[in-house]
Each structure stands twice: as C-alpha cells, then as structure tokens.
Amino acid sequence: MALRFPRFSQGLAQDPTTRRIWFGIATAHDFESHDDITEERLYQNIFASHFGQLAIIFLWTSGNLFHVAWQGNFESWVQDPLHVRPIAHAIWDPHFGQPAVEAFTRGGALGPVNIAYSGVYQWWYTIGLRTNEDLYTGALFLLFLSTISLIAGWLHLQPKWKPSVSWFKNAESRLNHHLSGLFGVSSLAWTGHLVHVAIPASRGEYVRWNNFLDVLPHPQGLGPLFTGQWNLYAQNPDSSSHLFGTSQGAGTAILTLLGGFHPQTQSLWLTDMAHHHLAIAFIFLVAGHMYRTNFGIGHSMKDLLDAHIPPGGRLGRGHKGLYDTINNSLHFQLGLALASLGVITSLVAQHMYSLPAYAFIAQDFTTQAALYTHHQYIAGFIMTGAFAHGAIFFIRDYSPEQNEDNVLARMLDHKEAIISHLSWASLFLGFHTLGLYVHNDVMLAFGTPEKQILIEPIFAQWIQSAHGKTSYGFDVLLSSTNGPAFNAGRSIWLPGWLNAVNENSNSLFLTIGPGDFLVHHAIALGLHTTTLILVKGALDARGSKLMPDKKDFGYSFPCDGPGRGGTCDISAWDAFYLAVFWMLNTIGWVTFYWHWKHITLWQGNVSQFNESSTYLMGWLRDYLWLNSSQLINGYNPFGMNSLSVWAWMFLFGHLVWATGFMFLISWRGYWQELIETLAWAHERTPLANLIRWRDKPVALSIVQARLVGLAHFSVGYIFTYAAFLIASTSGKFG
C-alpha cells in the first residue's frame, strides 16, 4: 500500500477513488505541495530537471539532422534550393495503397516522403553545411551533448554535487553568468562560426576541421584588429550580383553594415549578421561584468532596487522590498522569464518573415507561413503562462509587510482602476470594430459597396513612411531625400534598406489600407481582452470585493458554495482558463490576416485582400472557404493526392476540437451518473466482471474537466488551422 501512486502525497495515495490518479498527475510537477519538500530540495529538483530538458532538446535536434541526412535530399537541394523540395523524412506506410505511394513520392525521392516546412534546410545551408556527412557529424555532436546533459542532471542530484540554496539565490553571480557566460560568449562563438565557416561557404570555400587553421577568413588576418583599422573588415563586400555558395561576385569583407537583402537569396547579408552578433557579444560581455560578486566591485541588485524611489513620491517607496520578494519567489521569477520569452517568441515570428535571415527561405512560402504561425501560437501559450505564475506568486509568495507601499503594493491598491480601464478599452474596440465590419457586410449584401465605411490607416502609413517607404507620398524622415536622417545614412546601410523597403517582392512594410485598419483593431480587441482577463485574474488572486479571503482557497478552487452571492468562475485558475480561449481566438485572427495578405501578395492579386477584407463575409468566403477547397479534395471519388494527409488532419482536428465541448458544456452530475451506470453494467456482465479495479470510479472535478476540455479545444483548433495553412499554401505554390 505504501508504494501506491502518487509517492509524493500520502494523502492522495490513500484516496479510495480514481481522483487519486487524476490529482496525482495534476500535482506531479507542483513540487511545493509535495510531502517532505524543503526549500533546498525544491531548488535542487528544478535545477536538475533543467539538464533533462536540455537533453531532450539536444536529442530532438539531433534527430532532425539524422533523419534528413539518412532519408532527406539535402545534397541535391543545395544544388538548386529554389526548385528542389526539401524532404523531412520517409513515410514507411503511406495511406492508402498505390495512389498514396505515387502521391507522396516527390522531391526526387525513390519512395514516399514528407516535405520539410520547418526551414531547417535553409538554416543549415546558410550556416555553411553542404553535405550529408556534415549533417551526420552535427547529429552525433548533439547526441554527445544530450548525453553530457543527462550525466550533469544525474550528477547534480547526488549529495556531493547538490548546490545549496544560497548558491541559487546569488542573483549577481547568476546575472553575470547568464549575461557574459551564456549570451556574451555564445554570441561571440556564433560570430566566430559565421566568419570562419558560414561566410567562406557562401563564397564557395569549404572550411572544416582539417583546414580551418590554414584558411584566413579575411585577407589581412588579425592585422586590422590590432592596428585599430577595423573599417578594413567592411571593405569589398559581396556584390549585388553575388551567387550565394559560389565565388562569383563574392567579396572579402567579414563585418559589414550594408542594409537590406542579398538580391539572389532575398535574405539578410551574412556579413551584416556576423557584425550584429559581434556587437551583441560585446554588449553582453560588458553587461556580465557589472554586478558585484567576489571582488567587491560593481552593482548590488539590492542596493539598485532600494535606490529606485521616484522623488515625486507618486510611486510611494518605489522598488523597496522587491529584491527579496523576487529572489525568494520562484513563481515571480518564472513569470518574468515567461513574459520576456513570450514577447521574444512573438518578435521572432514577426522578424523571421519580414527580415529573413536564411538563404532562399523567403521564396519558400509554405515554410514562411508555417514558421510564422508556429511562433505566434507558442508565444500565446508562453505569455498566458506568465500571468498564471504571476497569480500563483500573489497567492503563495506575496508578503504585504515586505512590500508595503512599493510598486507591487500600489498595483494591488489601484487594481480597480487598471481593470476598469482595460475593460473600457476592450469594449470600445469590440463594439466599434464589429460595428464597422457589420455595417460593411450589410452594404455589400444590399449591393451598395460604395457605402462601406473605409478608413485609411494614415498614422501607420506615416510610420512606414518615416522608415523610408515612399509610395504613400508623405515625404518624412527616411522617405524625404533632403532630410538629415537620409543624408547621415546615405553612405552605409541606407541604400540597401530603402531598396528593400520599397521593393514589392518581400514582406518588409507591406502596403496597408482599410482592410488592414479593421483587422488591426480586431486583433487589438483580442489582445486587450486577453490581457484584461489575465490581469484581473492575477490582481484578484488574493481576494476581491466579493471574496476577500480568496487567497486561503488557493489557485484553482472551483467555487465556495452558494454563499456570498455565488463564487464560481472567480479563482485565478478560472481567469487563466478563460484567457486561453481568447488567446487562441486572437492568434487565429493574427494568422488569418498574415496568411491571407501573403497569399494574395505571392499570387500577385493583392486587390482580392484589399477588396474582400473590409467585411466579415469577405473573410469567410474569400479566405476560409476559398482556401479550404483543395484541402477538402485531398480525398474524393476519383482517388487522392498529396494533400490527403492534411485533409485527414483537418477532419481529425475538427473532431478533437468538437470533443472539447463535451467536457466544457456539461456538469459533473451527468458524468457521475453515467459512470455509476457503466460500472454497474460492468460488474453484472459475465467475463467482464472478472476484471475489477481498486479505485471507485468518480467523475472528474469541475476544474479537471475544464482542463481536459480546454486541452482538446486548443489541440483541435491548432491541428485544424495547421492543416488548412500548410495544405492551402503548398497546394498553390508547391
């Protein structure tokens, strides 16, 4: 009996119902709530698990390299990146029959294969990999790193190698290590790789371990570095006629500021990127030497924060007390990390398509669409997680005495003002945007499209013009040829940048009009509403006017009985749960907008987006319905084609999504009654009644059923859109 799951909670292990299993799974990672947990063991467990996480990441990336080297067509893709379709891996058992085998045999392969839409081919090509042997070498190296990570994780669980709590709470050393050791050194190492391997490869020179000590990355070697003539490294860059991967039109520069894109690959100049990483490395190496550790010099974080008291007195005691609050709360630290990472991930999505870093990826439209959508969804989940852990911080870790009258306390003191302002902004955006869309819908329906309300986004156009886009005729800042900003950059990066901004073959500063104005405000509605729900959930996590003692009920209580006017749907968990639906909704609008605008751009019929995006029926008919037609034809009475797998996934995604509602729109009593009936029938059925179970079956709790419903809703939603996105894009552009 002592060994029953969960081992970390004796109370749960002795529960006679199936609740034991579900609650066990739900709290498996909530180390703080486990029996016998100490602060020291908590930190040590989390630290050791990080190595396991790294091991999984290295193993996964190793697998990518290995499968492409084994079953892909990297070497033939390298010969013609624009016309050969990159293969991810083989398909052992294509469904169904000979037509499937024929449909999936492509990309020059001998048998059925999956096409890669992840951009790894372009990435590996850009950083200097050229052969399958290179890929195998990389796979083995990452496998080695994975093994090292596992050993390190195991090692740090051994008594002799377990770090102490004081080591984990040494904020200055950790900052220095992460800034200099991780960001600084890795950026410097990456600059080294770009200069020594990637840039020579882009010029047709193959540098590997056997010759990298003999090949000078720059004709003058380290001379210019030591003599202070750093500008020599920027002289003689690749010409605009340079053929990537060959010496034709190649230069000798290694660190440049050309601006814009390489004309052939439509990606950023490699020498610009090397320069960028060197600058980042320098900044972070300096930043990592700013905090006081063993030598008694530099900043103390506590002193810095305690000194941050705005003199006007309008923020009370400012940042006093924050050092200990943050340093002693893992949830606060995780919340900050997730908020930062979420924003960065969304920025990655925005920059990967507008400023492509990898050669030829801009012309691989399906990959562009897949990467944008992937990173925006990931960002959404990470950002909602930030608020969830912020709420848990307020419930478990926040001390009013430690934070008296500082910025945290003042946030809680005027939470009504924050929440009501967000609510007002959301209502304003929602009613006005929907009002405009619906008005336009009605005008179209009654055959008077000229009566639509179409608003030009003049402020956004002005901002684009300030960055050098000339088509709007604003003549301001970088789009004004006689301004100081224009003249200052004329000799370095500006010509390349202006050329890129004003050329219509890329995604940098797309021309915008009334359709963009409307969908921008629809997205703003989604962002503000999601934020409203999350912020309210976190700020009310300790208590609200209705339920001042909410803190005592924890993070995820369902209700507090019928008293107080009914307290269902007000726990911090409920806010997170509702916010995820809004987050998915918002990212749906974001990705619909991005995808439709780009499909029309790539097909050369931008007027379709411009004309149809100003009313809801246009979105439903000319984006969703029109682009799902090929998808629905993956299987038809005449057979099947290579889109069949996406057609199946589209259907399956809808099924999973719809299953979510079974958990979301029904209450416990129904399930409990059903379970009792099934258990009764089971116990009275010959043969079946030979199988017994220890735990009495009980229905999921309200919170658990909601989680299961939310998981199905999210997974189904994403599967459905992923299939639609990839099939509709690859069906058009291959």
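Note: Cβ is positioned from N, Cα and C throughout, glycine not excepted.
Predicted, not measured: the structure shown is a model, and the values here were computed from it.
Among the features that Swiss-Prot reports, transmembrane segment is placed at 46-69, 135-158, 175-199, 273-291, 330-353, 369-395, 417-439, 517-535, 575-596, 643-665, 707-727. Among the features that Swiss-Prot reports, [4Fe-4S] cluster binding site is placed at Cys559, Cys568. The chlorophyll a B1 binding site annotation in Swiss-Prot covers His654. Residues or ranges marked as chlorophyll a B3 binding site in Swiss-Prot (evidence: sequence analysis): Met662, Tyr670. Taken from Swiss-Prot, the feature phylloquinone binding site applies to Trp671, supported by sequence analysis.
The two recorded residues, Cys559 ([4Fe-4S] cluster binding site) and Trp671 (phylloquinone binding site), show a Cα separation of 19 Å. Taking the C-alpha atom of Met662 (chlorophyll a B3 binding site) as reference, the shortest distance to any of the binding-site residues Cys568, His654, Trp671 belongs to Trp671. The residue listed as 'phylloquinone binding site' and Cys568 ([4Fe-4S] cluster binding site) have their C-alpha atoms 19 Å apart, to the nearest angstrom.
Long-range contacts of the transmembrane segment (330-353) within its own chain (CB-CB distance under 8 A, at least 6 residues past either end) are made by residues 42-43, 46, 362, 368, 371-376, 378-380, 382-383, 385-387, 389-390, 392-393, 396-397, 507, 594, 598. Taking the C-alpha positions, the distance from Cys568 ([4Fe-4S] cluster binding site) to Tyr670 (chlorophyll a B3 binding site) comes to 19 Å. By a simple count of nearby Cβ atoms, those within 10 Å, the most crowded of the binding-site residues Tyr670, Trp671 is Trp671. Reported as a whole number, the C-alpha separation between Tyr670 (chlorophyll a B3 binding site) and the residue listed as 'chlorophyll a B1 binding site' equals 24 Å. As a quick check, the transmembrane segment (369-395) and the transmembrane segment (575-596) clear the bar of 3 or more Cβ pairs under 8 A, pairs 6 or more apart, so the two touch. Among the listed binding-site residues, namely Cys559, Cys568, Met662, the Cβ with the most fellow Cβ atoms inside 10 Å is that of Cys559.
A contact between the transmembrane segment (575-596) and the transmembrane segment (707-727) is present, since 3 or more of their C-beta pairs, 6 or more residues apart, lie under 8 Å.
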